[in-house]
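J.: The following feature annotations were taken from Swiss-Prot:
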type	residues	note
TOPO_DOM	1-20	topological domain 'Cytoplasmic'
TRANSMEM	21-43	transmembrane segment
BINDING	H37	bacteriochlorophyll binding site
TOPO_DOM	44-48	topological domain 'Periplasmic'
Amino acid sequence: AEDRKSLSGLTEQEAQEFGTLYTQGVAFVAVIAIVAHALVWAWRPWLQ
């Protein structure tokens, strides 16, 4: 039984792994952005 390939060319297992890594990457960038905004807010608050 060979693995059926999807339109993306990934197997289900590969797609699951990619999705996990992608989600972790997005979360990492979001945390960096939140920390950066907090630091800038501490330096020069906006919307007073």
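Cβ atoms here come from the backbone N, Cα and C positions, even for glycine.
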J.: Using a Cβ-Cβ cut-off of under 8 Å, list the residues of the same chain that are 6+ residues beyond the ends of the topological domain 'Periplasmic' (44-48) and lie near it.
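T.: Long-range Cβ neighbours of the topological domain 'Periplasmic' (44-48): none found.
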J.: Within the topological domain 'Cytoplasmic' (1-20) only, compute the mean pLDDT.
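T.: Result for the topological domain 'Cytoplasmic' (1-20): average pLDDT 84.
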J.: What are the DSSP helix, strand and coil residue counts for the topological domain 'Periplasmic' (44-48)?
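T.: Helix (H, G, I), strand (E, B), coil: 0 helix, 0 strand, 5 coil.
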J.: Cβ distance under 8 Å to the residue listed as 'bacteriochlorophyll binding site', same chain, sequence separation 6 or more: which residues?
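T.: None - the residue listed as 'bacteriochlorophyll binding site' has no non-local Cβ neighbours under 8 Å at 6 or more residues apart.
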